[in-house]
Amino acid sequence: MSALTIYSETETREPLWHSTDAAEIADKLNARGVRFERWEADRDLGQDPAAETVINAYQHAIDKLVAEKGYQSWDVISLRADNPQKEALRAKFLNEHTHGEDEVRFFVEGAGLFCLHIDDQVYQVLCEKNDLISVPAGTPHWFDMGSEPNFTAIRIFDNPEGWIAQFTGDAIADAYPRLP
């Protein structure tokens, strides 16, 4: 179940707000410029699907986003618990960073935790299958896929080169709850 938990930048143990209601989550995030929507991820992808299979199954969703925002490229990130690079990838994504473009993800399997550092608050968004999130360009954030990752998401980019991060050097991510 998707969830949003909001923390103060200075108080990492007691949430200011929490909800698992998709409409409430969307309202809170939209007020901060973050797009959050529930889409249908209803295609049977089989076990450990190839990127091409995922793209073909959800080309209609990609086309919708491209038509809306003029995105130039897309790919698929799919990680499972048996991935030999899971620890290195988790460590990389857990560092607070920004992008020069929106970070758009459509989760078609599994879950991951986007943590957005907006002003003096941290918004932890548990994204699951059927969730579309678009983090605005320049928003400091990090992503936690957990110690045993299990997700597939379509990534949509303005930049044809794909995922390019500018790391902030802030260790704030270390202070907040993570996925197990």
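Backbone N, Cα and C define each Cβ position, glycine as well.
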* Asked: In Swiss-Prot, the residues His97, His99, Glu103 are said to bind Ni(2+). Which of His18, His141 is said to bind at that same site?
  -> His141
* Take the Cβ of His141 (Ni(2+) binding site) and count every other Cβ within 10 Å, whichever protein chain it belongs to. => 24
* Asked: Taking the Cα atoms as reference points, how far is His141 (Ni(2+) binding site) from Asp102 (site 'May play a role in transmitting local conformational changes') in Å?
  -> 12
* Rounded inter-Cα distance in Å - Glu96 (site 'May play a role in metal incorporation in vivo'), Glu103 (Ni(2+) binding site) -> 14
